[in-house]
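Undergrad: Pulled these features from Swiss-Prot for this protein:
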| type | residues | note |
| --- | --- | --- |
| ACT_SITE | K37 | active site |
| BINDING | E12, V13, G14, K15, T16, V17, D51, E112, G113, A114, G115 | ATP binding site |
| BINDING | T16, D51, E112 | Mg(2+) binding site |
| BINDING | S41 | substrate binding site |
Amino acid sequence: MSGFFITATDTEVGKTVVAGAIAGVFRELGYNVGVYKPLQSGHVASNPEGDAARLKSLSGVPTQENEICPYSIEEPLAPRLAMKRAGRVVKLKEITDYYNGLLKEFNSLFVEGAGGLAVPYTEDALVIDFAKELQLPLIVVARPTLGTVNHTVLTIAYAKAHGLTVAGVILSGCKECEMERVKENKEMIEELSGVPVLGLLPFFAGEFTKEEVLESAKEHIMISKLEEFIQNESNVAGAPSM
């Protein structure tokens, strides 16, 4: 399996923007990359304000929103609870089988979870159980400032305890006026976790375009390091899968 599992230290830390931006950059580089967010709460998949729509817009994939996210609920709750309150049952096998189906269309998939790794996800699994099924390297998206060292180091330790590989951390929402503290946090996360911080993505105020986000990702995220993971995972040695 090839791609990344994008998780976070919490909800609303910029996970969808990071996932969509990295996927969009990889597609510009010629990689046949798809995006997948199995479960979404807070918006139905077709809602332009939702994560599935944002993933589609930023990544540039041809996949429709309800194919990117096959299970979505309007109520903003943990996915398992939102599905239960709506009278729906989704099992781990269903979203894993769907992932395998998408791999027939794409060489690599960037999979976005929901919130953090311990979020109740399907009826029978947490987010981390799904990540373990896929065995993709993790990208951990985290806030850049106060509290992030603790949250990020704990997330990495939890992932490693479950046998998962953490490719790196991306601090999202970095403001210029806070960069001294952000860089200190970056150094502490790397020192305490042994995992590299691969990007300090700036804060986007108000509306933003796909072009702005992708250019920012190219400038502030170490895409070449992520490319190494994709190339090492794939059977196409040393070259993008077209």
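The backbone N, Cα and C atoms fix where each Cβ goes, glycine too.
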Undergrad: I want the residues beyond E12, V13, G14, K15, T16, V17, D51, E112, G113, A114, G115 whose C-beta is within 8 angstroms of the mean position of the ATP site's C-beta atoms, in chain order.
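TA: So the extra residues in range turn out to be I6, A8, T11, V18, A19, V141.
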Undergrad: Would you mind reading off the Cα separation of S41 (substrate binding site) from D51 (ATP binding site), to the nearest angstrom?
TA: 9
Undergrad: Looking at the binding-site residues E12, T16, S41, D51, E112, which one has the fewest other Cβ atoms within 10 Å of its own Cβ?
TA: E12
Undergrad: Say you check the Cα of E112 (Mg(2+) binding site) against those of the recorded positions T16, K37, D51; which is nearest?
TA: K37
Undergrad: Provide, as an integer number of angstrom, the distance between the C-alpha atoms of G14 (ATP binding site) and K37 (active site).
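TA: Checking the Cα atoms of G14 (ATP binding site) and K37 (active site) gives a distance of 14 Å.
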Undergrad: Would you measure the largest Cα separation among E12, V13, G14, K15, T16, V17, D51, E112, G113, A114, G115 for the ATP site and round it to whole Å?
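TA: Taking every pair of listed residues, the largest Cα separation comes to 13 Å.
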Undergrad: Enter the number of other CB atoms within 10 angstroms of the CB of G115 (ATP binding site).
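TA: Taking all protein chains shown, G115 (ATP binding site) has 20 Cβ neighbours within 10 Å.
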Undergrad: Would you list, in sequence order, the residues of this chain other than T16, D51, E112 that have their CB within 8 A of the centroid of the site's CB atoms, where the site is the one recorded for Mg(2+)?
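TA: Near the Mg(2+) site, the remaining chain residues are I6, K15, A19, G20, K37, Q40, A52, R54, L55.
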Undergrad: Per DSSP, G115 (ATP binding site) is which: helix, strand or coil?
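TA: Note: G115 (ATP binding site) is coil by DSSP, not helix or strand.
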Undergrad: Look at the binding-site residues G14, G113 and tell me which residue has the greatest number of other C-beta atoms within 10 angstroms of its C-beta.
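TA: When each Cβ's neighbours within 10 Å are tallied, G113 leads.
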Undergrad: Cβ-Cβ under 8 Å from K37 (active site), same chain, 6 or more residues apart: which ones?
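TA: The list for K37 (active site) reads T16, A19, D51, A52, L55, I68, C69, V111, E112, A114, given in order along the sequence.
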Undergrad: Which of the three DSSP states, helix, strand or coil, fits T16 (ATP binding site)?
TA: helix
